[in-house]
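Copied over from TrEMBL:
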type: ACT_SITE; residues: HIS68; note: active site, proton donor
type: BINDING; residues: ASP8, GLU39, ASN40, HIS187; note: Fe cation 1 binding site
type: BINDING; residues: GLU39, ASN67, HIS160, HIS185; note: Fe cation 2 binding site
Amino acid sequence: MNILFVGDVFGSAGRHIVREHLPHVLETNAVDLLVINGENSAGGFGITPAIAEELFDMGAHVITTGNHVWDKREIFEYMTVPANSDVRGRRVIRPANFASGTPGYGLFQGELPSGQKYAVINLQGRVFMSSSDDPFRKTDELLTQIAAESGAKVILVDFHAETTSEKAALGWYLDGRVTAVLGTHTHIPTADERILPGGTAFQTDVGMSGPYDSVIGVEVEQVLQRFLTGMPGKFEAAKGNPKMCAALIQCDGATGRAHAIQRIMLGE
Ligand SMILES: [Fe+2]
Ligand SMILES: [Fe+2]
């Protein structure tokens, strides 16, 4: 079974580069399951229902997010659906370790047309991020829930976190218990993709799908002014040098163990 995970889609440049490359990548790699992080897909800040629909129309089975998930208010209602609902809004997930009562869900369990079951978990780190519950123990709870509900063995974790150490730690913590732990949020792809000894695919950060002539997606001049003066100012999505960053994972659908992970970066 082949899984493609696309890193943080940033603004219109990110959406365009993904739209350009995705069909070819899906076809040549016979991708069964597509997960896209969409937290920056609306102008770099948040996601709207219309953009979520756009990503679903490109073939996404699940859209993950992160700290920017609430930047666009329209998404609150779209994600506020019953847990067993089959509307598309149920497939946009936010970090599971957000405060309880937050709109939406941090786990999606699904089944492909082939009958293959899968689960996607979204988590947020606690180091240099706004406060949230413990992502380690939250995952323990969710794995128990998955075992009791769908029994899915193919389990993908999007860990939206700032520090390399916290991401590496969660990778080792979940080794042998999930198919993949993939980092997002820093928007810089790391060259450490590997299969851990227990059969879990890991990459510290998959990288942004967006404009790389930028400071992690934002116009260079605007970020420079912030660093040089400390004064508030608007941040807008850059456009130049777009790349699509993704991780391609091959796994055994019956056991959920990963065999291979490949780092992908495609540009114009
Ligand atoms: Fe992001
Ligand atoms: Fe983020």
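Backbone N, Cα and C atoms are what each Cβ position is placed from, and that goes for glycine too.
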Closest of ASN67, HIS68, HIS160, HIS185 to GLU39 (Fe cation 1 binding site), Cα positions, recorded positions only: HIS68
Sequence-ordered binding-site residues from ASP8, GLU39, ASN40, ASN67, HIS160 with Cβ under 6 Å of an atom of ligand 1: ASP8, GLU39, ASN40
Which listed residue (ASN40, ASN67) has most other Cβ within 10 Å, given these are binding-site residues: ASN40
Proximal residue to HIS187 (Fe cation 1 binding site) among recorded positions ASN67, HIS68, HIS160 (C-alpha distance): HIS160
Cα-to-Cα gap, ASN67 (Fe cation 2 binding site) vs ASN40 (Fe cation 1 binding site), nearest whole Å: 10
Other CB atoms within 10 A, centred on ASP8 (Fe cation 1 binding site): 31
Rounded Cα-Cα span from ASP8 (Fe cation 1 binding site) to HIS185 (Fe cation 2 binding site), Å: 7
Using Cα positions only, nearest of the binding-site residues to HIS68 (active site, proton donor) (ASP8, ASN40, HIS160): ASN40
Cβ neighbour count within 10 Å of HIS187 (Fe cation 1 binding site): 22
